Each structure stands twice: as structure tokens, then as C-alpha cells.
């Protein structure tokens with residue numbers, strides 16, 4: 001079947017074909033355009049941007065056409081005149097999260113046949129996929145296989161992925177071995193590396209190894225104080241206190257604070273904090289205050305510690321630290337407010353989170369971000385305030401440089417459907433499509449079934465036709481909902497339903 005285009009241009013260029021493919025709703029039709037173009041224009045040749053547009057179309061389909069994706073990338077890898085960009089394979093591997101064997105085959109069999117000079121993005125995408133699915137042994141085998149290959153560049157992010165997986169699996173010994181091995185190949189750890197390994201060692205009770213690890217990184221604060229490394233130090237100090245090794249905890253805290261003091265006079269007169277006789281909560285408060293307030297203050301140290309406090313749900317301590325940061329003359333960043341809003345939402349405090357978004361961020365000179373809006377809207381929808389959440393969508397649209405994302409619309413549609421406001425959900429779905437965001441099959445299904453429940457069968461059928469035009473195959477429940485309404489509708493709507501059914505049958 002030849003792909004139907006309203007009017008092919010007289011001269012076809014790759015950029016023009018990309019535009020044509022992106023306007024095509026049906027992924028199978030987009031593939032036919034890819035095949036038809038060289039036949040109509042013998043001198044025309046695809047480039048990587050054309051394959052990228054075709055891949056995007058396939059990745060938007062539900063269910064995912066695995067064989068078509070593999071075939072497309074195989075074709076791309078065999079074209080010597082079209083360099084195979086590593087990010088294309090990485091996007092495909094990430095999308096194949098539910099099919100690890102196919103993702104592995106793309107990396108092991110298809111990618112080596114291409115002329116791509118770098119495999120790093122694909123390697124890390126596969127590594128994340130395998131580790132997230134629990135294939136630790138297989139992931140380690142892939143790392144060993146790629147070690148030394150010039151196409152794959154290891155870095156601290158590689159080390160962090162492995163250390164996190166090994167520590168979560170209860171293998172701190174293997175994590176220490178990997179840490180040493182990566183240093184031997186000149187892969188230098190970053191702050192997150194030390195943080196992951198420190199937490200893993202402390203959780204496993206290997207406090208002596210954690211102590212030596214801390215000593216190995218104390219040079220980091222020799223020039224500029226504690227900075228953001230405070231989150232690493234507090235992990236070990238709190239673990240030592242829980243284990244009853246109070247003297248060691250005090251010694252480490254004193255060492256860290258002394259490293260940040262440049263004045264010889266202050267170093268001679270310095271007296272370290274006392275932790276004995278305090279309960280767990282008091283110890284945490286003393287440690288946090290000592291590392292950030294008594295050390296050399298910096299925005300990075302405040303930001304790192306506040307992130308930990310919000311993640312732990314210690315909102316009262318976090319607010320005290322936040323006020324201390326403001327008092328010290330540091331202006332909070334957008335990411336700090338995002339952490340604060342996220343913590344409030346997790347605690348079910350939607351009104352307070354909304355107040356931070358609407359007033360506190362503005363008062364401190366921060367422009368609300370898309371993530372901050374999404375967090376507030378998600379919490380409001382979960383608390384049955386979807387109509388109020390929709391108002392924040394209007395605020396986002398009026399705000400410069402704050403464009404609603406696909407997740408934003410999905411949150412609102414799910415919330416409105418949960419409150420049986422299906423007409424309003426359909427309006428948000430229409431806005432979503434106007435923004436050229438492709439809804440998932442579940443989003444289409446929720447709106448269509450909801451419209452059937454309230455008797456708006458005509459609108460439901462129109463949305464069904466829109467869903468099919470995007471290459472989304474409706475679930476059986478959608479057909480059941482529509483079929484149950486056929487007997488109670490007039491002849492015009494019944495004819496429309498039968499036309500859509502016939503179209504769906506012919507397409508299949």
C-alpha cells in the first residue's frame with residue numbers, strides 16, 4: 001500500500017520529509033512514507049534526522065511495535081552513508097523497558113554493525129534498564145564486555161549506577177571492589193559516588209570501612225569548607241552514634257569542621273560539638289547545625305542538607321534550616337523549593353504546597369517551574385480538588401518560559417476522570433492534542449469510557465475515531481462500553497459507531 005500524502009513536493013529534502021512524517025498520526029503510515037520517498041525520488045537519500053522522526057513515531061505507538069523498531073534500526077545500521085547516532089539506539093533501548101532481551105539484542109548485535117563512533121549513550125541506557133529490572137549479573141557482564149572498548153566511555157555516572165545497584169543488593173564488598181577498580185582506570189568518583197557507597201557501608205554495618213572512605217575524601221573540603229559534602233559526613237556520623245561509638249562520631253565531626261577553618265587562631269580555640277547524652281533527634285539537629293552553620297557556610301551546603309531533610313520528611317528541621325539560610329544572606333534556588341513542595345505533597349499538605357508555589361517562590365525571586373506546578377497539581381487531584389488544579393494550568397499558560405508538558409495534561413485528565421468530570425477531561429485532552437502531545441492509550445480510554453457513562457456517546461465515538469487515527473488500538477473495555485450504548489442512541493449516532501467499527505476492522 002502506497003503512503004498517502006496530500007501533495008508530495010517537487011523536490012524532497014530530508015528536512016521536508018521529517019515534517020511530513022511528524023504530521024502523520026499513524027506510525028505504520030509514517031513507516032510507509034519512509035519506504036515510499038526513495039522510490040518517488042531516486043536521487044533522494046535519508047539522513048539520521050529522518051530515521052529519528054520515524055523512530056519517534058514508532059515509540060509513540062501502543063502497544064510498542066518491537067519488531068518494527070528493530071527492523072528500522074537494522075536498516076539504519078546498514079547504511080554507510082548515514083551515520084548511526086548513538087542517541088537513537090539509546091532512545092529505543094530505554095523504550096524497550098518491558099522487553100530486555102530485545103534491548104540487549106539491539107546493543108549486542110545491531111549496534112556493532114553500524115558505523116556509529118560512540119556507543120556510550122546506548123551502553124548507559126542498557127545498563128540502567130538491566131539494573132532496574134534486577135539483572136545485576138548480566139549488567140556486570142556487559143560492563144566487563146565493554147571495558148577497554150574505544151566506543152564506550154566510562155565515567156562517574158557508570159560507577160554510580162553500579163555502586164547503587166550493588167549496595168541495594170546487599171553487596172558492599174563488591175561495591176568497594178568496583179570503587180577501587182574504577183579508580184585504577186582513571187575514572188574519578190564524584191560526590192554522589194561517595195554518598196552512595198557511604199550509605200551502603202553504613203546500612204551494612206561496615207562502619208570501619210566507611211570511616212576509611214571518609215578519610216579518603218576529606219581533601220575535598222581543604223579549600224572551601226564543608227560545601228555539599230555535608231550529606232556524606234552526616235551519614236557516617238549518625239551511623240556511629242546509633243552504634244554507640246559516640247567518641248568516634250565526635251572525632252569525625254571535629255575533624256570535618258577543623259578542615260574548614262582557615263584561620264590559625266580559630267583552629268587553636270576551636271571546640272568540637274558534644275554528642276554524648278543526647279537522643280537521636282537531638283543528635284541529628286546538632287550535626288546538621290554544626291556542619292552547615294558552624295562550618296564555612298555556602299549555598300551548596302544548605303542546598304544539599306535541605307534536600308536530605310525534605311527527603312526524610314523532617315519538615316520542622318528543614319524549615320529551621322531554611323530560615324537560617326535566608327538569615328545568612330543566601331537566596332534559595334528553584335530546586336530547593338521543588339524539594340520543599342515535594343515533601344509537603346508527600347505529607348498530604350496540598351494547601352501549604354500551593355502557598356509555596358504561589359507566594360513564597362515569588363517573594364524570594366524564583367519563577368515557578370513546570371515540576372513545581374506538576375507536584376502541586378498532582379497532590380490537588382489526589383485530594384479531589386481537580387478543578388482547582390486546572391486553574392494552575394491556566395497560570396502556567398500565562399507564565400513565560402513555563403510550558404505545560406505531557407505529564408501535566410495526563411495528571412489533570414486522570415484527576416478529572418477520577419472525579420467523574422469527563423467533559424472537562426475531554427477539554428483538557430483537546431488542549432493536549434493541540435500542543436502536539438500524544439496521549440497514551442489509557443488516557444484515551446478513560447475519557448471515552450467516562451463519556452459513555454454519562455451518556456455522551458456522540459463525543460465518545462469522535463474521540464474513539466481520534467484515538468484510532470493516532471495508531472492507538474482500543475482496549476476491549478472501550479468497545480464494550482460503546483456496544484452497551486448502541487441500543488439507546490438514535491440512528492445517526494449508531495451509523496457513526498458502525499462506521500468506526502468497520503474502519504477498525506478493515507485496518508486490522
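Note that Cβ sites are derived from N, Cα and C of the backbone, with glycine treated the same way.
Keep in mind that TrEMBL annotations are predicted by a computer and have not been checked by a curator.
Per TrEMBL, the feature repeat 'PPR' maps to 155-189, 190-220, 229-263, 298-332, 333-368, 369-399, 405-439, 440-474.
Below 8 angstroms of C-beta separation, residues 124, 127-128, 131, 136, 139-140, 143, 147, 196-197, 199-201, 203-204, 206, 209 of the same chain, each at least six residues beyond the ends of the repeat 'PPR' (155-189), sit close to that stretch. Remote same-chain partners of the repeat 'PPR' (333-368), defined as residues 6 or more beyond its termini with a Cβ less than 8 Å from a stretch Cβ, comprise 299, 302-303, 306-307, 310-311, 313, 315, 318, 322, 326, 375-376, 378-380, 383, 385, 392, 399, 401-402. Model confidence over the repeat 'PPR' (405-439) stands at 95, taken as the mean pLDDT rounded to a whole number. Residues in the repeat 'PPR' (155-189) partition by DSSP class (helix H, G, I; strand E, B; coil) as 26 helix, 0 strand, 9 coil.
Per-class residue totals from DSSP over the repeat 'PPR' (333-368), listed helix then strand then coil: 27 helix, 0 strand, 9 coil.
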